[in-house]
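Comments concern the structure below.
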Ligand SMILES: O=C(CO)COP(=O)(O)O
């Protein structure tokens with residue numbers, strides 16, 4: 001069983017004030033029983049890495065380009081993230097898929113590059129409300145997993161985050177049974193493609209309105225190996241409680 005992972009995605013939020021809380025968070029959790037990752041905006045990565053130096057907190061980007069360098073104005077490459085002190089990168093978040101037209105094929109290329117360059121990729125998938133209501137959830141999840149993950153995947157370099165689009169930032173969460181159904185399906189899909197041993201080693205995160213009040217019950221669901229947290233990760237106190245819920 002891999003160590004659980006509490007990952008925070010700050011999205012296009014956060015600045016110096018939130019950054020200064022990270023040092024306090026690191027002090028409050030000097031040896032957490034789970035891995036802890038924070039993915040701030042690209043502009044904060046190097047300062048965050050500096051603030052987290054020597055602590056148990058890892059730092060990640062929220063996206064990277066599929067190429068390692070070149071004429072791509074405004075983009076950030078995997079080697080640049082590493083150079084700034086990041087060890088992870090979130091890829092294929094539904095907001096990237098929506099705002100920037102990223103497809104499974106795009107995400108697969110980015111994931112391949114990120115992993116080849118030495119980052120751990122946190123690959124996001126999830127159905128829309130319309131897809132869930134149409135009974136298509138598992139079809140969508142299966143297609144996204146198949147398309148977004150490269151064949152060369154290894155358990156140590158890939159994390160898969162299930163984030164139902166309708167649960168992100170809405171305060172809505174699936175029932176525990178619904179989370180269990182999708183996570184069981186994800187594990188089985190990975191096992192069919194990569195073998196059971198490797199599938200068991202890939203961490204499956206749940207994301208979407210995770211907060212201190214629901215973290216423990218979500219973490220108790222089989223095949224949930226941690227969380228990808230948006231809004232609550234910007235509040236050090238809330239994120240600390242989520243880390244503690246995973247820790248126990
Ligand atoms: O999108 C998310 C994390 O990547 C989830 O965001 P919220 O926790 O704010 O719902």
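Every residue, even glycine, has its Cβ placed from backbone N, Cα and C.
So that you can see what the record holds, here are the features copied from TrEMBL:
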ACT_SITE  93  active site, electrophile
ACT_SITE  163  active site, proton acceptor
BINDING   9, 10, 11, 169, 209, 230, 231  substrate binding site
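A map of TrEMBL features onto the structure.
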| residue | record | DSSP (3 states) |
| --- | --- | --- |
| 9 | substrate binding site | strand |
| 93 | active site, electrophile | coil |
| 163 | active site, proton acceptor | coil |
| 169 | substrate binding site | coil |
| 209 | substrate binding site | coil |
| 230 | substrate binding site | coil |
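Only 9 of the binding-site residues listed as 9, 10, 11 bring a Cβ under 6 Å of any atom of ligand 1; the order follows the sequence. Other Cβ atoms within 10 Å of the Cβ of residue 230 (substrate binding site), summed over all protein chains shown, number 22.
When the Cα positions of 9, 10, 11, 169, 209, 230, 231 are compared pair by pair, the longest gap among these substrate-binding residues is 14 Å. On the backbone, the CA of residue 9 (substrate binding site) and the CA of residue 93 (active site, electrophile) stand 10 Å apart. Fewest other C-beta atoms within 10 Å: among the binding-site residues 9, 209, that description fits 209.
Taking the mean position of the Cβ atoms of 9, 10, 11, 169, 209, 230, 231 as the substrate site, the remaining residues of that chain whose Cβ falls within 8 Å of it are 13, 168, 229, 232, 233, 234. Here residue 93 (active site, electrophile) is positioned 13 angstrom away from residue 169 (substrate binding site), judged by their C-alpha atoms.
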